[in-house]
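The structure appears below as structure tokens.
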Amino acid sequence: MASHANSDDGNGRLRDSMISFLKAKTAPMVKSIRSRSQDARRNRKDDHSDSCPPPISMTTTPSAVASSEEQPTATTLVVPNLLGTTISDIAPPTRRIAEKSSMADGTVPLLLREGVKMTKISPGKQRSYVFKLDPDQGQIIWQSKKLRIIPIENIKELRFSSDARYYRQQFQLAQDYEDRWITIIYILNGAYKTLHLISSTKDVFCMWHITLRKLYAIRQELMTGLGNEEIRRAIWEKQYWTASDESSDQKLRFDEVEKLCRRLNVNTSTEELKRLFKQADTKCQSFLNFSDFQRFVKLLKARPDITLLYRKLCYSNDGQFDFSVFEHFLRDTQKSTLSRPELLELFTHYAQKSDGSPDISPPHSPSSLEGPASPPARLLSPPLSTSPPSDTVLSQSLTAPIDVSLDYISHKLSASSQSPRPVMSLDGFTSFLLSSDNSAFIERQGKVCHDMTHPLSEYLISSSHNTYLIGHQLVGSSTIEGYIRALLHSCRSVEIDVYDGDSEPMIFHGKTFTSKVPVREVCEAIAKYAFVTSPYPVIISAEIHCSVLQQEMMVEVMRDVFQDALISAPVEGRPTLEVLPSPEHLKGKVLLKAKNLYVSENESIRTKEVTIDTESSSTETSTDSDVVQDIRDERITLRVLERDAINEVKDELKKARSLFDRVRSGHSRNLSGVAALAVPTVTSMATSEPPARPELRDVSKVKMSFAVASLLVYTVGVKCRGINKKEHYAPEHMFSLSEKTANKVMKQGMVDLIKHNRTHLVRIYPKGLRVNSSNYLPHRYWAAGAQLVAINWQTFDLGYMINHAMFQRNGRAGYVLKPLALRIHDKELLSRHTQHSLDIVVISAQQLPRPKDSLGHEIMDKSTVDPYVEVSIHVPDWPHASYHSSSSSTTPSPSSTGSTGRLLSRRTNSVKNNGFNPVWQEVLSLPFDCVGDMFDLIFVRFAVRRDGDNDEEPIAVYCVSLGSLAMGYRHLPLHDTQLSQYLFSTLFVMCAIN
């Protein structure tokens with residue numbers, strides 16, 4: 001008994017010690033989280049009724065929750081359910097996780113693994129199902145009529161409690177359900193889906209809340225490029241080990257291994273598989289335990305392509321891959337510009353030192369300067385952009401050299417002459433090639449690296465068209481979801497089309513059968529999600545079709561919702577604006593852009609020489625009226641060629657001036673039908689006069705509220721009167737051009753448009769005939785300097801892919817600094833026309849994904865995969881200039897016309913029946929031309945396809961701006977056609993530009 005008591009005392013002391021240790025470790029984090037929670041509660045108007053009990057131990061049941069009082073509560077979640085946000089309040093990024101994979105380490109509560117009943121909410125019905133969370137497969141699973149799954153990597157957003165209030169209200173359910181409500185937004189079979197659940201208890205809700213966010217955070221971390229190789233490998237091993245162990249006895253027999261290989265598209269004979277199986281089965285047990293399985297996988301994933309490269313590099317150095325070989329490889333092949341100390345730091349991270357070898361790593365830096373455990377991703381090839389250093393504010397962690405002198409390195413290297421030198425093994429070299437230190441994407445992801453202090457007109461701005469629609473242009477649904485999705489993907493310009501509602505202004509697509517959504521709900525969604533992914537300003541592009549009364553209601557809503565974030569200024573007495581403000585100056589601000597009738601209509605009175613017609617993006621559809629509109633557009637030219645037409649314009653001008661003088665003299669009451677135009681001409685913020693007094697205007701003819709005009713400060717919509725020296729626009733004046741009109745302008749005066757766009761904002765939007773919400777190719781209009789090139793974000797086509805690739809740059813800020821040639825007045829730079837060749841060696845691919853059915857299950861048929869790779873380069877329209885060498889002493893002026901954009905594709909041969917590790921080793925050369933060194937506006941698309949399925953969607957894709965594509969040997973992270981990254985699929989290539 002005494003012994004037993006002593007044992008209990010010992011266990012108690014051990015338990016107390018462990019508790020003290022955990023408290024000490026978690027105290028700083030808890031304090032930080034609680035502090036942020038208090039800040040969040042002060043800043044948010046919502047009463048967080050969704051607070052959870054303390055986080056649940058991953059091995060306890062709900063009844064044990066109450067005892068965990070020392071843990072932070074769920075009210076510490078500062079940022080709700082947001083894609084692309086930092087979710088470190090729930091789960092630290094994976095680079096900080098000590099375990100290889102928390103998913104593989106069983107951190108999911110047993111209750112969620114075995115399944116718990118929850119109520120599934122859908123239109124018109126509520127049903128209870130048992131929902132399971134499988135951490136090994138990374139899936140949410142439930143059984144209805146069929147087995148349903150949601151892969152964690154397919155989840156786009158998680159919303160809990162009050163963050164999902166919009167849906168609860170749509171279903172007209174009581175508020176009592178709110179604190180147990182879960183909404184999961186995901187993609188399946190190429191379409192957005194939504195799952196709404198109500199937990200049976202608050203404890204169950206909190207288990208799902210915490211655990212699901214943690215798993216989601218891990219997957220999202222892995223889906224932002226390469227890196228985290230150990231975690232990625234651990235997840236892969238656990239996922240496929242669990243799926244292959246059909247008998248659940250922790251043993252894999254040969255038939256189970258054979259099925260696994262078939263699932264992985266491994267093209268290996270049975271005899272070869274048996275040989276690998278025996279080689280991995282070191283104890284000759286006729287089965288593989290988990291350690292044996294890891295050994296088998298390593299044999300299966302052997303990379304002969306990397307082995308060949310490794311031996312080639314070592315050949316001239318007595319077979320040793322030491323620092324000199326590494327430095328030579330990075331300088332000559334990878335085109336690295338890192339300093340020698342930086343290269344040494346990188347080498348020592350991946351190299352292995354033999355016993356007795358000296359430590360030649362740099363002296364230990366202060367902890368305040370240390371980064372994460374793995375070195376920062378600094379292996380960046382020089383960008384092809386011509387932007388000068390002053391236009392790029394690179395993070396110090398990317399550019400600051402390590403404080404180590406070359407003498408120190410030489411001393412250490414010479415001191416090691418009598419002992420083994422550190423060398424990089426094949427495994428180390430492979431790890432380096434697969435790491436974020438060897439990323440194919442030049443810019444460090446997540447870091448704003450462009451100078452954000454230039455005027456707004458000098459940036460390309462991520463923009464959305466008809467943001468409220470999530471489907472068809474004629475019969476789709478209007479919803480806040482479009483705004484949330486766009487803003488979370490760093491879109492910085494969204495669109496609203498406002499019409500009169502029964503009691504409040506509504507947003508929908510006019511003259512169509514689309515549904516309606518209140519302005520207030522849209523503004524609340526914008527306010528909540530505007531600055532989650534990016535802190536830089538959001539521009540609301542408004543087409544206002546409602547009455548003056550409801551215009552004022554709209555403004556009242558905006559002022560109430562956005563508060564101090566909303567840019568506004570009095571109509572009278574505005575200061576002179578010489579240049580547009582910068583994104584940095586407007587951080588956290590919301591700007592309204594709408595057509596100011598007090599400017600546009602009086603400009604029409606001032607001159608009839610309207611040279612370009614601009615359509616309304618909200619009402620342009622393929623109806624009969626639009627056919628008439630198209631015919632009318634075709635008849636409009638950009639210059640008046642006939643003398644009688646010129647005389648007619650002059651006559652009309654005289655009449656207009658006479659009319660305008662009469663109006664200003666106070667005779668507007670006698671002018672039927674023109675009273676709405678009796679307002680002063682506003683050409684700039686400096687010359688703005690007070691609008692005409694209400695008593696001088698027929699109230700029934702008023703079309704625009706002064707309240708709306710007060711919100712038009714830096715983005716004042718005007719009608720395009722032409723782009724030439726005769727026409728003057730104030731810096732804040734901007735106009736919108738339809739795709740069709742923009743094409744005309746570019747064809748007849750592309751350089752004029754480029755000049756205009758250096759100082760003014762221009763918005764481009766898709767033509768109305770795109771009723772299926774397809775997209776144009778935005779880089780065509782970026783090449784003309786247009787900043788806001790609006791995209792249908794609900795359609796995952798090539799145009800969307802190019803837009804996505806562009807705005808992955810600059811830390812996904814939604815603002816990308818234009819190429820230098822589009823920003824500065826340099827005729828020589830804009831005339832520099834060069835010819836190049838992009839040479840791609842397509843080497844191999846790794847674990848291409850299997851196709852899935854409509855429910856998300858892998859299709860396990862016996863069909864073979866014969867993959868090939870297609871590489872295409874997309875070159876935009878350039879201002880035409882005859883080719884000349886960059887060293888030429890003469891510089892021809894660029895032509896005002898644009899050249900036709902080009903698409904050039906090349907493909908490899910197909911590899912028969914191998915989707916696991918196909919090897920091509922083929923060179924593809926794609927010639928292209930470039931003007932003004934604007935490589936950032938040329939896009940390269942890699943598509944892996946199945947032979948014989950040319951018309952179907954590719955297996956996997958990767959799209960990148962040529963200016964952001966690193967040269968040398970790179971692994972490209974492959975994505976599906978909705979641009980969600982596959983966890984384990986890569987394409988190994990070697991890139992060079994000649």
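Cβ coordinates are placed from backbone N, Cα and C, and glycine is handled just like the others.
Under the heading region 'Disordered', TrEMBL lists 1-73, 354-393, 883-903. Look at TrEMBL and you will find 1-16, 36-50 tagged as compositional bias 'Basic and acidic residues'. Here TrEMBL flags 57-73 as compositional bias 'Polar residues'. Residues annotated as domain 'EF-hand' in TrEMBL: 268-303. Among the features that TrEMBL reports, compositional bias 'Low complexity' is placed at 376-390, 885-903. As annotated by TrEMBL, domain 'PI-PLC Y-box' applies to 708-823. Marked as domain 'C2' by TrEMBL: 818-976.
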I need to check the long-range neighbours of the domain 'EF-hand' (268-303): which residues 6 or more away from its ends have a CB within less than 8 Å of a CB in the stretch?
236-237, 240-241, 250-254, 257-258, 261, 430, 844, 846, 916-917
May I have the DSSP-based helix, strand and coil counts for the residues of the domain 'PI-PLC Y-box' (708-823)?
40 helix, 19 strand, 57 coil
Could you give me the DSSP helix, strand and coil counts for the domain 'EF-hand' (268-303)?
22 helix, 1 strand, 13 coil
Average the per-residue pLDDT over the domain 'C2' (818-976) and send me the rounded value.
85
